[in-house]
Amino acid sequence: MTAALRWFGFIQSSHLPLSELLRFILFANFSIVGMNVSLMWNSVGFYQIAKLSMIPVSCFLEVVMDKIRYSRDTKLSIAVVLLGVGVCTVTDLSVNTQGFIAAFIAVWSTSLQQYYVLHLQRRYNLSSFNLLGHTAPAQAATLLLLGPFLDYWLTNKRVDTYNYNLVSLMFIILSCTIAVGTNLSQFICIGRFTAVSFQVLGHMKTILVLIMGFFFFGKEGLNLHVVLGMIIAVAGMIWYGNASSKPGGKERRSLSVPTSRQQKHASFSDSNEHDGSV
């Protein structure tokens, strides 16, 4: 797909250092593997809790790395989103040691990967398409080489011995097509906003999954408890959008210290104002 985008002119020639590319691929691959292993080894409830913890981790990275400061309303709106999605999705919370380790790796690697999407776009002046053109082929190649071995180690099943048929191939192609759109939308959204905003928006996906489950599979998974969680989550998302867009809702802290010349100029201005008032 990146080759096709390059052919049609959506991806232009650009530069991304090899060290940065390898670091991004490391985070992205650990994210994919970690998420799948976390879902395999943990209960669905704990898996959802791990996914919810990505927002606080992403906030922590922005505060530490970019010196971002959040207003009280922005923090509270994020908490409301987490509460609503938690009410919707979290049921059992059984956890084991290997599952916890997998979830920990998944959460931190995913948060770092999403932070790096914005970091690389800004630092090297890359568009979403250009960054995807650098990272997607390299990431696909590494997963193609390492994936089958890792899959066999985790499941004791070989990919090449699977009984492929027309239906399974159609679903694989459909899954890959959707994945292309998912990756592209992630790069565009994070490049336009931030990783935290993408995480908050991403939980709308959880709400849509529950609603689609109601339409396709009946009322089994949709009860008053889940509906209440949906309403809380959507209200939190609207509040977050409003709070973060206000002045001071989410801003970079300035750590600059005034120079002596600036201080002299300020004192001179103060004296002039004092003389004028007299």
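Glycine is no exception: its Cβ is also placed from the backbone N, Cα and C atoms.
Remember, TrEMBL labels are computer predictions, not curated facts.
The domain 'Sugar phosphate transporter' annotation in TrEMBL covers 19-240. What TrEMBL records for 21-39, 76-93, 99-117, 129-150, 162-184, 196-218, 224-243 is transmembrane segment. Annotation source TrEMBL lists region 'Disordered' at 245-278. For 256-270, the entry in TrEMBL reads compositional bias 'Polar residues'.
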Count the Cβ pairs between the transmembrane segment (196-218) and the transmembrane segment (76-93) that lie under 8 angstroms and are 6 or more residues apart in sequence, then report whether there are at least 3. yes
Stretch in 76-93, 99-117, 162-184, 224-243 most in contact with the transmembrane segment (21-39), if contact is a CB pair under 8 A: 99-117
